[in-house]
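What TrEMBL lists as transmembrane segment is 6-24, 31-51, 63-82, 94-116, 122-142, 154-173, 218-234, 240-259, 279-304, 310-330, 342-359, 379-399 (among others). If you look up TrEMBL, you'll see 15-394 marked as domain 'Cation/H+ exchanger transmembrane'.
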């Protein structure tokens, strides 16, 4: 492949991804699925047609995925407003994310043990189950842009908490391979969270203060580079690095909340506001490009033959069923009412893929991978991602479709709704949903 051919290919993928954005907005089909399909088509048809040899190191995909994860969480944090009246919603989203993660992990682990031959232990099964129990903020955050405020913010918080808690849970389980007891793991978890939160708050205050003092025109990528470095250093020291990114974004977007009293004198809100706006655009654009190439490359790694095995399909459906049963119970108990379309928004994606790469490349102290379940077909991973994404798509289409019909009726001659007609409380709610779901939809991410 020549240099110019490569430039044309990269540019074409970005252009196609933008078109997928438009399709996603019109249909509620996640553009992530379209990008994965594009990657599969490139591998199966494009490479042979153009005579191109595709040979990527999976490590490249892992690097792109980690960078994308940082940008996605940062983008989400910059969208979140912390207000006293929202604390209940934040707490509920945290509880749903935490309990769903643990409950789904054990449910899927037992499915793996009983349905996949050679699953030697509950520990191995849990290692495989945790990634499948983590919701994908990479898919959810851009997909809920058209939901009304409370529903959108609940899903953004829940998916972000799911990412953070899931990654922490996964790596703590990896440490247990060395023979750590449950008590030691629990202590490590507590210390890790405490240290990470403390470090996150201190670093975030320092970064926001320095951020507003920079006079150079070139500073946004400098801050992103610092955040990337902190993320990598946190991973090196086994800290929950996503908390650092999340905390920085929250503090930057909510300076009146975090800079009070004497601290209010060290930050100029008028200076921070335009910088934050530019920073938000940069993270949005960067996350778009990174997500594009991550999921296209992932599609190029997929082997289509793995999805024609009926056993893979049955196991995948059992896993998906467990995910939604656990989710339904928790939403009914914690959120209690108005759980649609949140019930259907539970796709798996970027984090799930990244953690499976970790499992595959993990080597114990004796140089042997003791985590790998030999008979676990990677087609299960693909099936779960596809099915959960399709369920979310159908849920959003149904949720949005009824409202779109109402709006279209008002635009047709002779079909105007009589405004003098008494409307029920439910119809009033529909009016609000129409406003938020149709009139205010935008391109927040994918």
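Glycine too: its Cβ is placed from the backbone N, Cα and C atoms.
Curation plays no part in TrEMBL annotations; they are all automatic predictions.
The structure displayed is predicted, hence computed values, not measured ones.
Contact check: the transmembrane segment (310-330) against the transmembrane segment (154-173) gives fewer than three Cβ pairs closer than 8 Å, residues 6 or more apart, which falls short of the contact criterion.
For the transmembrane segment (6-24), the neighbouring stretch richest in Cβ pairs under 8 Å, chosen from 63-82, 122-142, 279-304, is 279-304.
Between the transmembrane segment (122-142) and the transmembrane segment (218-234), fewer than three CB pairs separated by 6 or more residues in sequence fall under 8 Å, so the two stretches do not touch. Each of 154-173, 279-304, 342-359, 379-399 was scored by its Cβ pairs under 8 Å to the transmembrane segment (218-234), and the highest score goes to 279-304. If you look at the transmembrane segment (279-304), the same-chain residues 6 or more away from its ends with a CB under 8 A from one of its CBs are 13-14, 17, 32, 35-44, 54, 56, 58, 60-61, 64-65, 67-68, 71-72, 74-75, 78-79, 138, 220-221, 223-224, 252, 350, 353, 378-379, 382, 444-446.
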